[in-house]
Amino acid sequence: MAITHNLGFPRIGARRELKFALEEHWRGELPAPALLELAAGLRQDHWQLQGELDWQPVGDFSLYDQVLDMSVTLGNLPARVRDLGGDELTAYFRTARGRAPGDAGDSVVAAGELTKWFDTNYHYIVPEFSTDTRFSLDPSRLLAQIDEARGQNVAVKPVILGPLSYLWLGKAKDGSDPLALLDGLLPVYAELFETLGRTGVEWVQVDEPVLVTELSETWQQAYLRAYRFLAGRGPKKLLTTYFGRLANNLELALSLPVDGLHLDAQANQDKLESLAAGLPDDRILSLGVINGRNIWKSDLNALLDRLEPLHRQLADRLWLAPSCSLLHVPVDLTSEQQLDAEVRNWLAFARQKLDELTTLATALNQGRAAVAEALQANAEALRSRRESQRVNRVDVKARLQALDASWGQRQSPFAERIRQQQDRLRLPAYPTTTIGSFPQTSEIRQLRRRYRQDELDERRYRACIQHEIARCIREQEALGLDVLVHGEAERNDMVEYFGEQLDGYAFSQFGWVQSYGSRCVKPPILYGDIQRPKAMTVDWIRYAQSLTDKPVKGMLTGPVTLLNWSFVRDDQPRSVTCFQLALAIRDEVLDLEQAGVEIIQIDEAALREGLPLKRSQWPDYLDWAVDAFRLAANGVADTTQIHTHMCYSEFNDIIDAISRMDADVITIETSRSDMELLAAFDRFRYPNDIGPGVYDIHSPNIPSHDQIVELMAKAGRRIPAERLWINPDCGLKTRGWPEVLPALENMVAAARTLREAVA
Ligand SMILES: CN1c2c(nc(N)[nH]c2=O)NC[C@@H]1CNc1ccc(C(=O)N[C@@H](CCC(=O)N[C@@H](CCC(=O)N[C@@H](CCC(=O)O)C(=O)O)C(=O)O)C(=O)O)cc1
Ligand SMILES: N[C@@H](CCS)C(=O)O
Ligand SMILES: [Zn+2]
């Protein structure tokens, strides 16, 4: 009997029920018991949807983030939150967001840092450590959910984050080494396992995704030490790895004293037979056979060809699962009634992926004939996708073939370009600008919803958006900003907006995926060769420019970010898809230039986050990613100024690549690090213009004039004043106008002060 299980289910809800309830609760409109009741209802629904599986995950549900949940279980909330007291839920939300419902004044604290979860678009709350950190067990959340699940006849398999991954994902604010905390942490994990054992849990899933990164000898030794210490305590342990190949850590993983190993079957595919052959009799092997991060149907027949011999060898020691938690895919394809039927037939969301798993297990346990119809339909769907004219377009492929290196080359080097641009733009010293988006108010979202639901015709919708753009231009002129933006009011999201307009993309209605906390994104589905049927942004920018004499930036999302934040095709290398996107964006850049736009910003917010988890693979990725950016950007004349924006700040290790992008101006996040992160640009003698962010847009706090002047003075010690711009860290879409206006007022005033100093 092959056994089926799941690593984790999306918790936001098929209709984003959790998002809306959380936001209502934070506004003080939904009491905590009602929020908790809704969460319990979602868990119940999700266990029911997973009812066919042999084991179901428990503890994967989270009100905000699973890493923060683990911090609670290990008694490791930040001292600034613990000191404020209050109940458990209050402390939880204060750590996540800096405030709980009703908090003001002294009860507002700095929120925990959010950072991306491996190479996904999910963001977790970073555990905070110092040399003084002491852990203590609080298993109450996990035990309560185990009880709840047992009450619903769930075959309970608790899920926890393992000790090494927990330490690796955290940060010591005092610069100490998190690994030094391992000895203090292990007894708490031991107590947790023993507690779970006493409640009769048979298997516990211990997530150690860090095993797919390239670990130093010290970390490898730490793994051995930790799992030897924990051996034999509590339930059987399924050591769970995901997001890639175990590579050098495979032997290490196999040598750990655990009862089973889960790995991504596709990433480790050349190892499966030898693994099965050498597996000790008392171990199980769990294969992540269904891709948990994309939305394509699996090739079930090909998988069975591979799995049948393994199953004959391992019998019930073969477990089948998705490759990782299904957190990263939408819940249910059956909701998508407006999606093109042909494309829909190629897709599988979370529910459909679990169906695939059940089909595979039935075929293995009872023979393929038992699921002949499902296998036939699957083969048909795959054939239809492979042969579809919409997937493979001769014209797009031919254009890519015809590319030569000159397409990625600006006409002149930066020093010459910037002289021509300055002659044309006549900007003051320390030019001020913003990153693109202005507040996405509920009125703007309502507009879009009414347009989508045909309550507003196109003419009226466009007039309303123009009205928003006009307001945005008016406000920026009144503030005295130097380079304006149109505000992005017409965009639901910086990626989805472009996906909706490019051939080769489909988009869903309900395909929401959690990005952080209650915030979701709806990644568009890139299924075929990419072609831009018509200009996507030119009318809006032209309209904005018609309202002002100041330059308005054309605003685009770059090819690498479109790639990394979409569900992309798996039938060709990512680099090829990225170059197709680059050509489409290049066409838009040239149309903007043709329309007289003097400055064009191409956001590459996801370029760094797409770095492979293994450093040895970085050079290859950076080569083609930077080439794709250059292909998109570099068709313009010297007089056209290209900006790029990246809303993160760790550039030390990729500064060569950033430099090779050769954007005339790069705007980056630096305010929270006190400009320290400019050190990389300084050390490398980065030659082009830089706009180091002077205020943190994630916080409602208003930066003062003096703070901004001080930050820019620090920047000036690293970068010559004539190459500095002044701007916020990132776009302002999540903020409200009452916060944005005074912040930008101070920013412009600070620029004036700085200009006086250089006059
Ligand atoms: C910069 N970030 C982004 C990432 N990935 C992207 N694809 N895009 C990004 O901008 N990754 C890293 C970060 C993550 N940061 C964020 C920040 C904010 C959000 C966010 O606010 N998401 C919204 C959904 C945005 C959206 O697409 N909205 C649509 C539909 C809105 C909607 O649900 N409308 C309701 C009606 C609402 C109303 O007020 O009446 C409806 O239709 O029923 C739109 O604006 O049209 C969120 O709500 O979570 C995400 C990631
Ligand atoms: N232009 C986008 C970039 C976000 S990373 C914005 O301003 O929202
Ligand atoms: Zn940004």
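Residue 1 is the first one shown; counting continues down the chain.
Note: Cβ is positioned from N, Cα and C throughout, glycine not excepted.
Note: TrEMBL annotation is automatic and uncurated.
A quick note: this is a predicted structure, and the numbers were derived from the prediction, not measured.
Of the residues GLU455, GLU458, GLU468, GLU609, TrEMBL puts just one in the 5-methyltetrahydropteroyltri-L-glutamate site with ARG16, GLU17, LEU18, LYS19, LYS116, ASN121, ARG519, CYS520, TRP565: GLU609. Listed by TrEMBL as binding Zn(2+) 1 are HIS645, CYS647, CYS730; the candidate from GLU669, GLU710, GLU739, GLU745 that the record includes in that site is GLU669. When GLU387, GLU488, GLU650 are compared with the L-methionine site residues ILE435, GLY436, SER437, ASP603 in TrEMBL, the one appearing in that site is GLU488. Of the chain residues outside the L-methionine site list ILE435, GLY436, SER437, GLU488, ASP603, THR434, VAL485, MET494, MET555, GLN601, HIS645, CYS730, GLY731, LYS733 have their Cβ within 8 Å of the site's Cβ mean position. Taking GLY436, HIS645, CYS730 as the candidate binding-site residues, the subset whose CB lies under 6 angstroms from any atom of ligand 1 is empty. Checking the binding-site residues GLY436, SER437, ASP603, CYS647, GLU669 against ligand 2, the ones with a C-beta less than 6 Å from an atom of that molecule are GLY436, SER437, ASP603, CYS647. Only SER437, from the binding-site residues LEU18, SER437, GLU488, place their Cα within 10 Å of the Cα belonging to CYS730 (Zn(2+) binding site). For the pair HIS645 (Zn(2+) binding site) and ILE435 (L-methionine binding site), the Cα-Cα distance reads 7 Å. TRP565 (5-methyltetrahydropteroyltri-L-glutamate binding site) falls outside any helix or strand according to DSSP and counts as coil. DSSP assigns GLU669 (Zn(2+) binding site) to coil in the three-state reduction, outside any helix or strand. The Cβ of GLU669 (Zn(2+) binding site) lies under 8 Å from the Cβ of MET646, CYS647, TYR648, SER649, GLY693, ASP696, ASP729, CYS730, each of which sits 6+ residues away along the same chain. In this structure, of the binding-site residues ARG519, HIS645, the smallest number of CB atoms within 10 A of the CB marks ARG519. Around the Cβ of SER437 (L-methionine binding site), the number of neighbouring Cβ atoms within 10 Å comes to 22.
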